[in-house]
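Q: Provided herewith is a single structure, encoded as structure tokens, for subsequent inquiry.
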Amino acid sequence: MSSDIKIKVQSFGRFLSNMVMPNIGAFIAWGIITALFIPTGWLPNETLAKLVGPMITYLLPLLIGYTGGKLVGGERGGVVGAITTMGVIVGADMPMFLGSMIAGPLGGWCIKHFDRWVDGKIKSGFEMLVNNFSAGIIGMILAILAFLGIGPIVEALSKMLAAGVNFMVVHDMLPLASIFVEPAKILFLNNAINHGIFSPLGIQQSHELGKSIFFLIEANPGPGMGVLLAYMFFGRGSAKQSAGGAAIIHFLGGIHEIYFPYVLMNPRLILAVILGGMTGVFTLTILGGGLVSPASPGSILAVLAMTPKGAYFANIAGVCAAMAVSFVVSAILLKTSKVKEEDDIEAATRRMQDMKAESKGASPLSAGDVTNDLSHVRKIIVACDAGMGSSAMGAGVLRKKIQDAGLSQISVTNSAINNLPPDVDLVITHRDLTERAMRQVPQAQHISLTNFLDSGLYTSLTERLVAAQRHTANEEKVKDSLKDSFDDSSANLFKLGAENIFLGRKAATKEEAIRFAGEQLVKGGYVEPEYVQAMLDREKLTPTYLGESIAVPHGTVEAKDRVLKTGVVFCQYPEGVRFGEEEDDIARLVIGIAARNNEHIQVITSLTNALDDESVIERLAHTTSVDEVLELLAGRK
């Protein structure tokens, strides 16, 4: 599946589930009332059972319609969406969940486009009149159209779907649904499948039969639990160590996303969850299992809470059978894996890349065209598809580390990707969702991960945030302490001429590049010849590679008396020179510095400000124009 198609499918599924998930509390309330008070319930009560019909016929579809309209057209969209949904409800003889998913967004879309059309055209004093009557008239028209057209069409469509489902049930084909459901879950379509497809079908079946198997096709925690148990006994390295905690969160907490990375780590395990899912559905079909309402989240506790009287054995058997088959298949696949230590190698490789990125001042597993300066970060959001389970746990882990580090000015929360606010500074998402997040808030920095409970990544990020905040604080302290002798005008101090710029250079070693920069400082009258050796001596103490293709060689403290006046030479090495300790610590911009007293602090600060943009660095590394270099360093970009 291509990236664009996957994002579109995720977005559409996300939209469907966004209409249902905010109203899950209402579904659960209806499910509990049904389980308790209907004639076959735990506490049969003819009076209280009268709540069941109106809630499923009117309340739940209206809530979905209102939410769908609000998603598209705001508050006014929600009102018109609810009015339109009422037309669908009255126009059909069955609960209109699918109809409300069409009518609600349609109402929101119509009022949204009407508001755009009249924007700026309403005379002063008539705004409230137009707003109220437009919503009423458009809602009336859409309700009539929904009553006459959408309702009957959706009713016919629902009957066709029901016939198809009944065909699958009668011919014992329902387990085949797991072939599509389980892989789709791994692509983070689990909420879309459960709340966008199975919940509407399940509610209708539950209303007729008192329970529905559809609520357990996707929500069954058995297949994922089997995979995690297999990792606990037969996994290796960090995957084995973390599987126990993940199993508790998955099985009791109902956060299914927690096991996705374990399957992605070894894609062959998709076969295990498919076979486990098929076994679970088959067992539920044979034994007559099902729930009265959606189990959200998909925890064994939620499953038991939504189980009607007489279905406990069937539901528990369905979960256990799915878990057992998934465990056996996963164990076989893990034990016979041709690539030994596969999960360890991938984890170690990612950790190595994270640590290397950290050492060079880059975000671990950062994605997109973003800056790596974290000094401005004040708002961090851990985002997932639904903005609930997995991201909430990740945000909790990171929040504790941030608080323990004393970074009280930084807030850490969780959110659904579609609800990311424009003022977020840093977004953390699963790697399969990062592209969607970048489209939602392109101005923010983005970090990808493969496991929302990756403590190592959060520790690395916290350390970088601490370092960035400390650097900013130290810079302010330096400026305050030197303000009397400090000239904040970079034009007075940091002023390059064409004679200080050397383009298209080549060097085999960093010593050769440093020696050339030193010789140019001597020729420019900035330093005495002995300063060149002091620059080489300084490099032996600690590499002067800053990261981002920049090195700033300069002399030792003892050589300051060899500086005649503050000066800078800019040397470009398009092919690069290795300056750092790592093989890819390649400098393309070598900036030799000589400064008297504390003036080097001002010089470095000025350079940092000028080279704060990655695109500027890229242009400086390849330009053949001295004038362009002068303009870029002067900030005239």
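The backbone N, Cα and C atoms fix where each Cβ goes, and this holds for glycine too.
Take a look at what Swiss-Prot says about it:
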type	residues	note
TOPO_DOM	1-23	topological domain 'Cytoplasmic'
DOMAIN	12-341	domain 'PTS EIIC type-2'
TRANSMEM	24-45	transmembrane segment
TOPO_DOM	46-49	topological domain 'Periplasmic'
TRANSMEM	50-70	transmembrane segment
TOPO_DOM	71-133	topological domain 'Cytoplasmic'
TRANSMEM	134-155	transmembrane segment
TOPO_DOM	156-164	topological domain 'Periplasmic'
TRANSMEM	165-185	transmembrane segment
TOPO_DOM	186-272	topological domain 'Cytoplasmic'
TRANSMEM	273-292	transmembrane segment
TOPO_DOM	293-312	topological domain 'Periplasmic'
TRANSMEM	313-334	transmembrane segment
TOPO_DOM	335-637	topological domain 'Cytoplasmic'
DOMAIN	378-473	domain 'PTS EIIB type-2'
ACT_SITE	CYS384	active site, phosphocysteine intermediate
MOD_RES	CYS384	phosphocysteine
DOMAIN	494-636	domain 'PTS EIIA type-2'
ACT_SITE	HIS554	active site, tele-phosphohistidine intermediate
MOD_RES	HIS554	phosphohistidine
Q: Report, as a single number, how many Cβ atoms besides its own are within 10 Å of the Cβ of CYS384 (active site, phosphocysteine intermediate).
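A: Other Cβ atoms found within 10 Å: 27.
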Q: Give the one range among 134-155, 165-185, 313-334 whose Cβ atoms make the most pairs under 8 Å with those of the transmembrane segment (273-292).
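A: Comparing 134-155, 165-185, 313-334: 313-334 has the most Cβ pairs near the transmembrane segment (273-292).
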Q: Roughly how many Å lie between the Cα atoms of CYS384 (active site, phosphocysteine intermediate) and the residue listed as 'active site, tele-phosphohistidine intermediate', rounded to a whole value?
A: 46
Q: Short question: which residues 6 or more past the ends of the transmembrane segment (134-155) have a Cβ under 8 Å from it?
A: 76, 79-80, 83-94, 96, 98-99, 102-103, 106-107, 110-111, 114-115, 118
Q: Determine, from DSSP, whether the residue listed as 'active site, tele-phosphohistidine intermediate' sits in helix, strand or coil.
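A: It is in a strand.
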Q: Report, as numbers and ranges, every residue of the chain located at least six residues beyond the topological domain 'Periplasmic' (46-49) whose Cβ falls under 8 Å of a Cβ in that stretch; write 'none' if there are none.
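A: For the topological domain 'Periplasmic' (46-49), the nonlocal Cβ contacts are 33, 36-39.
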Q: Per DSSP, what is the residue tally for the topological domain 'Periplasmic' (293-312) in helix, strand and coil?
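A: Output for the topological domain 'Periplasmic' (293-312) reads 7 helix, 0 strand, 13 coil.
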Q: Which value does the mean pLDDT take for the domain 'PTS EIIB type-2' (378-473) in this predicted structure?
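A: Across the residues of the domain 'PTS EIIB type-2' (378-473) the model's pLDDT averages 82 on the 0 to 100 scale.
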Q: Applying a 10 Å Cβ distance cut-off over all chains shown, what neighbour count does the residue listed as 'active site, tele-phosphohistidine intermediate' have?
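A: Other Cβ atoms within 10 Å of the residue listed as 'active site, tele-phosphohistidine intermediate': 25.
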